[in-house]
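Worksheet: one structure, shown below.
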Ligand SMILES: Cc1cc2nc3c(=O)[nH]c(=O)nc-3n(C[C@H](O)[C@H](O)[C@H](O)COP(=O)(O)O)c2cc1C
């Protein structure tokens, strides 16, 4: 075939496509395990950070993360509707985000301001253990901001199942400097000490426009993110949703009834 013929050019381009395609596919398959391992490690770091077991900016080797996690954290799969531990589901292999997309393991969410479309039947929570007792509960939260779904964790004092110990968002697509300030350690530091529920057991906590007072005198309000009221409202909505009757409300009721055990 002549080197500059149309057939040669198309054939050469097709060959390059096939070679590159095989290369990329092989790399994706070969690196899949490592990607899954890194994802798991990142989740463990997020859980340690919101639990206060890893300081802001602290750098840990993967083995140190795994050890600190194993020494302090007990993962548990919770049946959301029943509010009790799910039977026969291994927390080590349970993937809540995957379950949420699987029609066999999830249901349509009732209309909600957090814009959560599907609810997993089971959710993965983490218990921070201290002297053999549950010290802190770490619950996954998610909901829509302005541009994206924000994914994070909220840490709750197990003693009253009401006092916030920390919040973090590990994945979102909000604008850096505006809604992206949900990542700002100074803003996250405004959460500990606030209360989720009022005396009637209704989730009251919310991000307000402007400034809130200190937790002791203004327990249900957190400073708004300046220039980012839509993301701020999104955070209020998602926290209220996940601590309400369609989220972890039944689980928290059971824990309170059992005296936080
Ligand atoms: C490019 C661009 C990016 C923005 N990103 C965000 C954002 O991530 N979160 C947000 O709430 N508002 C964002 N806004 C602002 C919103 O459109 C809206 O004006 C704001 O949420 C209102 O908040 P404020 O009343 O505190 O000013 C963005 C605006 C522009 C032009």
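Any Cβ shown, glycine's included, is placed from N, Cα and C.
Annotated region 'Disordered' per TrEMBL: 91-114, in sequence order. Residues in the region 'Disordered' (91-114) partition by DSSP class (helix H, G, I; strand E, B; coil) as 9 helix, 3 strand, 12 coil.
Among residues of the same chain six or more beyond the compositional bias 'Basic and acidic residues' (95-105), those with a C-beta under 8 A of the stretch's C-beta atoms are 118-124, 140. Positions annotated as compositional bias 'Basic and acidic residues' by TrEMBL: 95-105.
Annotation source TrEMBL lists domain 'FMN-binding' at 145-246.
Secondary structure from DSSP puts residue 229 (FMN phosphoryl threonine) in a helix. Residues or ranges marked as FMN phosphoryl threonine by TrEMBL: 229.
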